Amino acid sequence: MTGADNAPASPFAPLQADLARMKKSNLNAAIGDVDKILEMLERTRDQVAQESELHKISMAMTRLQNPIKEKCDAITSDLKEVTKAQRAFGKALDKAMPLRDLPMETDAMAEYPEHVVRAIGMHLLREGQFSVASTFVDETEHITRGESFMVNPLDAIEDNGMDSRSKEDLQHQFAKMYEILAELKGSNLIPAIEWARENSRRLEARGSTLEFELSKLQFIWLFKGASEIRESEYAGQTSAFEYGRQHFARFQRRHLREIAQLCTAMVYAPNLEESPYNYLFQTDTAFDEVALSFTREFCSLLGLSAESPLYVAVTAGSIALPRLLKYTTYMKEKKTEWSTVNELAFETPLPPSMIYHPIFVCPVSKEQTTELTPDDADLRARDLPRQSA
């Protein structure tokens, strides 16, 4: 038998089958029957309008009764099929993903529902779902009411000493970000370059290379003869050289070597693919990469992380949950408890992208530093030799 034959059946296979049936059971048939009823009514109305004899009008109305009844019955049957498919999918969904209480008593977020609301609201806002975010805020007002700093979960962001920003301001900023990303998706770098120039000092203070990367990609795009670039007076290799002459001078201090390579590559223009600089002009993933960098820098200047905290928390939790459930079940079977508060008995294997900073552990006392006592472990480590002496 092959490995595929030995593989366990997916619990979502029946769910996918019911989902396919539900998609097929749409309202097209019911809509078609409604259209036919409307046609019959309009036809009869025109006929009645032209008749002057009462018995002919009465006969026209009588002839209409049976066809209308048949179509109404057909509509009812169509709706029953749709409802049946929806119910079947609902049952399959409940069977595939039953709601179960976690086998543990601790709920770390039970006392902070307003923070959960804020995280969800901010995630929707970051994703550009502005109308959904607004509706979500309105419908969760009863949760955040009574919290002075959380009257609206999107009203304030205080990070690294930033001034608070209103929901409208944040929405405007994210709308602008998505407009620029849409232009980048269409290979138009001009709006992103203009934004980077407006925020040049703040970006440089962060050590960001975004402005140069955008200008570099614009040079390459022009060099390769991208005639579809909008809002640009340049096109072709000559215009790429002119663009570089006008804009690269300000980047010489940090990027002189890359600028020199780009300019030298112009000598190899007739046979660029055979040149040692061909790798500089590969743009297959360049726009995706620069869009990711732009998003990261844009969020950073707003005082936000590049990735949604909600996404990171849910992803990390999904990775850790199987081990946590297994451990909790084992501890209950053994009738023992883990006594250390706010600490797991095992390490959660997270990917490198989710490891943001190292945690210092005192080599003597084996205690970890915390946000409240970052240096206590280190101080105790120094005091122990003195005490032992």
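Cβ coordinates are placed from backbone N, Cα and C, and glycine is handled just like the others.
Copied from TrEMBL, the annotated features are:
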| type | residues | note |
| --- | --- | --- |
| DOMAIN | 173-220 | domain 'CTLH' |
*Helix, strand and coil counts within the domain 'CTLH' (173-220) (DSSP)*: 39 helix, 0 strand, 9 coil
*Take the domain 'CTLH' (173-220) and average the pLDDT across it for me.*
91
